[in-house]
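Trainee: Take a look at the following structure, please.
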């Protein structure tokens, strides 16, 4: 009802106006004209964008019959008005020529859709030439140009049937402008743009002289059927060609990209869901429940039926029974390893100074390679594999098109400014956000101009570098001025001119007069960025001062839909050319960027209360990573000091205050740290000799990691030496050797396992991680070798000092009186013996422990299935980095994602008709062509991650060739048959490149090669908006046979418009390539970037398969997507299976080494493996809960976790395996007491202090992936090593080795015989049940230790 009432009111107003107006059109009858012929220029107009056509003369006369050339011209321009030889019309031949000229601009945009172009031409042909013109045209204003001349028509009304107008508009509403990736109607609807355009607004713009293109004012009235205007007026209601219908046998229908009705049915793709289901539950959860249930049943059986206690009743193996071959092999392994390290330790301890010198020499020689160290700081070189597909694609793209330009960007908000309401004369009431305020825009303009004129001194060039030396200038790349530089901001809508920004004017619209200012112009340009002259009284252009349009998503952000006035952020972007590494211009660009950053910091401080400013330069990410690395070096140094202090204090065995300085181990601890650092420096130097580049991350992390691992071995070795009682008459060197023989096999097991894991971690293709793994692996090996040599020598010297009661550090000083050293067992050992071990191994506790760890394993498995994969670039930055705010604003306010180029390689012939049709998306092209498939993908952005279709040089080239004002030839003179630019106004340029055809325009092979270079060099302008210089000059390269080649050959400055490729150009022939640019939707995190890459590659593979079917296409031809971020996120496409493979690969040698060094004990190896797997699973599960994503950095930590887990489990497992206690429970208790305390003090407590210090690091990468993850690994390793492992060993641990038990019994009997012989009145009490200091194992004879020492049992029994 309301709509009907409104229409009635409008009709009443129209009738009233007709009654009051002067009747210039007195006759409204069929066969009569309203005007005829031309009367000159419109005297009311000035300042038009181009030379306007003449206006018609008032003439209310009958239509004329036209003949001859006039009729031919009518048939050519207005074919629908041609009715044969008796055709009548209301236009002269001059009017037809003018009509053709005025339609040429619009036809250039609409010609890709023949039905739209025909409907548009037909509409204006009827207005100008219809024989029934007076029926729907009513002249409303005329001008008298001179005495005796007919009045000139300067305004009229056109009456259309509403359906006729709607159908005409609908046929054009989807036609695209490929180069701008926008709709053509966006340039033909004024302030409303494509989003708010409709038939009425589309027609109104065409009749508005304010647009600088219309020669007179036309008021369009759209009437519904049955609505009568009176005075004989009948609305025009001609037939309209539908865009999906052909207009003849040779005329193609509009393509899907330009006509929705032409699109085939495309099913919405299903969202990718990697979750598999079993019934209604996720399959992973079902499998986890089943697995945990099986484990729970096994646990219940173990506890309920007391498997272990039942077997505990069996006593020690009867020595009289024989031993199996496997028992003998296991025993021999223990014996050989123990004897070797015992003899080695004795020898080294006997020659400490010599060994130290011999150890220092190779370390210094290898460390000298550090002088050749080259640090890599480029993030691409650090975090992407050089041989990866993405790096190869990047190299291919950069080789042929140059590196992607360097972005320097500023994002500003004004959180303290309130929004306000503005009544726009054009669009009505609009809400403007606080950032869109004039004083803020003036501040931004001042900043932009200061940055534009920024200069910086270059020592290398010995001159000042300005923006014009390095900027990206798409429309004038060869002779760039400061105002050719690509700067995108809202201020470009005013050509960065303060006067234009402050300009105001009064304007009357629909009887309402109001003042218009910058806000109206902004609204106009945001809706129609391709406008050369807005429709306001300001009459300003929307084009940037460098000549290109500025789309709203490049200038503002934070708006919803098309409500541009509600934007919450202003965006300013300076685009610089990028250059290959080593190019001096790259250093100049970085110098300018450094000055840019300084200027922005000053602006940020100055405008703190007005703006919230975020910014970045292309160099920012690399600078910030390097900055935080340097700032975190003291944190790592503190971590080393903390570990050193702990080792120094904890290694000492203190019995009284007076002996503290003697019993302290500061020198030994410092020596141990020096051994680790020497190993690290030697490893780094070795790889520097090989030319393998290092990084600051390696300098930070490798010493810390190896120090943690090395400190474990140092602590366990010294602790074993202190706890192992010296035998009567045993020399110090033999004592040290005996201690080393007891722990060195497990030290070898840990070091070898860790080194193997690190070397296997080097299989990752990421350079930073690969070099880190190689360096760490070699450092661990060198550290073990130095511990077996240099540190043993240091321990020998320190023991000699302590035995002589000399002070630590100041070894030359000897106190006068000192009490004898105490023999206490220590608090930790007492706690483990009296409290911890009895409680842990109680039968109730053991069952609870198994169930709790089983539940932990199940929860971790489930959490592991939900871990986030990827590495957000924000995590590479310190917490105080200014880039964090920039990335936050980028994700919050940017309305479009990164550009993605679909690149074609060698082997495709673009010059053939089939080749063009398989690429383009206009009329006559394949429904599933290259660009059409990309268009289909943009319809489903949630699955394809594409938001804006690809710009297509093939489409714009075809449109450029279509007979219009674009491609013209000189018809005479010295330039005959050469290209005549559209900017040349000459009668000598009337020849079109292509002849008029009814079908789709396709050049021949010869024409293709001749005209394409002209197209690529043609600068777009209002007469020819299809010129390819700005959009495609660096995207297309051709060989003489139509295949694409390097741009240098085609766009060489020496190449003129000759129509042929000169001989010298062929010298530049390189690999063929071309590219088509689309845009991603906004990508917020690592997962979005990864999935966007996956989707783009799937789309490119699909396109490749279709294009290979085009005749003449090379089978090796390929299309691939390229985005600058691909090199960082490609690894996450396959990191899950690769990580599982790598971790599984690490477990295999770890298991093998464990079995071998544990005396070929398969069960011990399996229990080690089970514990390590549980530690890994629990670690990954807690990673998901603590927000640690899974990526290459965390993967290498998980690889090292395999090695670190060996530290927690192997010592206790070996202690259990070589124990000869009668029952599993007793052996588990003994291993927990003797070695568990050493693992806690030596492994966990040497890791934790250093790890906790890392929590203070500024770099989030260090905090998350080294502090959090290593803390998890250490705590979970500690829990599994000291809680789960003793319990599971007490149930299913390996049996006592009969050979080991037999040998121990023989040794005990021999000792007893010696004791009886030497002390017959004091019978020996030989027992091993109460020993808590050392493990039970067999040791071979030691020469020089005395006869008794050769037969003493290895349980440390004192006599």
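Note: Cβ is positioned from N, Cα and C throughout, glycine not excepted.
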Trainee: From 54, 1102, name the one Swiss-Prot lists as N-linked glycosylation site.
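Mentor: Candidates were 54, 1102; Swiss-Prot attaches N-linked glycosylation site to 54.
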Trainee: Taking residue 1034 first and then residue 1296, would you say Swiss-Prot puts both of them on the same side of the membrane?
Mentor: no
Trainee: Given the candidates 244, 1037, specify the residue that Swiss-Prot annotates with N-linked glycosylation site.
Mentor: 244
Trainee: Of 626, 909, which one does Swiss-Prot label N-linked glycosylation site?
Mentor: 626
Trainee: Please identify the range among 1064-1084, 1106-1126, 1169-1189, 1295-1315 that Swiss-Prot labels transmembrane segment.
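Mentor: It is 1169-1189 that Swiss-Prot annotates as transmembrane segment.
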Trainee: Check the Cα-Cα distances from residue 132 (N-linked glycosylation site) to the recorded positions 33, 197, 479, 485 and tell me which is shortest.
Mentor: 33
Trainee: Pairs of Cβ atoms less than 8 Å apart decide it: which stretch in 352-372, 667-687, 743-763, 1269-1289 has the most with the transmembrane segment (777-797)?
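Mentor: Most contacts with the transmembrane segment (777-797): 667-687.
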Trainee: Can you work out the mean pLDDT of the predicted model over the topological domain 'Extracellular' (1258-1268)?
Mentor: 85
Trainee: Run the contact check on the transmembrane segment (352-372) against the transmembrane segment (1237-1257): 3 or more C-beta pairs under 8 Å, excluding pairs closer than 6 in sequence.
Mentor: no
Trainee: Are there three or more C-beta pairs under 8 angstroms joining the transmembrane segment (1192-1212) and the transmembrane segment (633-653), sequence spacing 6 or more?
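Mentor: By the criterion, they do not touch.
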Trainee: Hey, how far is residue 91 (disulfide bond) from residue 966 (disulfide bond), Cα to Cα, in Å?
Mentor: 26
Trainee: If you count Cβ atoms within 10 Å of each one, which of the glycosylation sites 138, 497 comes out on top?
Mentor: 138
Trainee: Out of 54, 90, 479, 485, 966, the recorded positions in the record, which is closest to residue 243 (disulfide bond) when you go by Cα distance?
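Mentor: Closest recorded candidate to residue 243 (disulfide bond) by Cα: 966.
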Trainee: Counting by DSSP secondary structure, give me helix, strand and coil numbers for the topological domain 'Extracellular' (1258-1268).
Mentor: 9 helix, 1 strand, 1 coil
Trainee: So of all those disulfide-bonded residues, 39, 113, 259, 485, 525, which one's Cα sits nearest to residue 189 (disulfide bond)?
Mentor: 525
Trainee: Just to be sure I understand: of 90, 113, 416, 485, 525, which recorded positions have a C-alpha no more than 10 angstroms from the C-alpha of residue 263 (disulfide bond)?
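Mentor: Matched recorded positions: none.
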Trainee: Of all the recorded positions given, namely 256, 431, 506, 525, 966, which is spatially nearest to residue 479 (N-linked glycosylation site) at the Cα level?
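Mentor: Of the recorded positions 256, 431, 506, 525, 966, 966 has its Cα closest to that of residue 479 (N-linked glycosylation site).
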Trainee: Tell me if the transmembrane segment (1169-1189) touches the transmembrane segment (697-717). I count contact as 3 or more CB pairs below 8 A, with pairs 6 or more residues apart.
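Mentor: Stretch pair does not touch.
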Trainee: Between the Cα atoms of residue 254 (disulfide bond) and residue 244 (N-linked glycosylation site), find the distance and write it as a whole number of Å.
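Mentor: Each residue's Cα considered, residue 254 (disulfide bond) and residue 244 (N-linked glycosylation site) end up 6 Å apart.
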